[in-house]
Amino acid sequence: SDEEVVDQKATLEVSCKPKCVRQLKEYQACTKRIEGDETGNKHCTGQYFDYWHCIDKCVAEKLFDLLK
């Protein structure tokens, strides 16, 4: 019962990141494009959420099999 709990979701997120390289590159390209924007009107929210949606979808396929 003194066993340390490991967050399985965080471990799976790391293993899923290689499957979401395209979304990550789109997000990075967007951040580079708007780097000099001082108006605050430009953002990469859509690309950010696309990246994390890809990771979450990958994690969801495996996570519940690992939970106790």
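Cβ coordinates come from backbone N, Cα and C, glycine included.
Of the cysteines Cys20, Cys44, only one is given by TrEMBL as the disulfide partner of Cys30: Cys44. Matching TrEMBL disulfide entries to the candidates Cys16, Cys20 identifies the partner of Cys58 as Cys16. All chains included, 18 other C-beta atoms sit within 10 angstroms of the C-beta of Cys44 (disulfide bond). Each residue of the domain 'Ubiquinol-cytochrome C reductase hinge' (7-68) gets a DSSP state, and the totals for helix, strand and coil are 48 helix, 0 strand, 14 coil. Other Cβ atoms within 10 Å of the Cβ of Cys16 (disulfide bond) number 18 in total over all chains. Distance from the CA of Cys44 (disulfide bond) to the CA of Cys16 (disulfide bond) is 21 Å.
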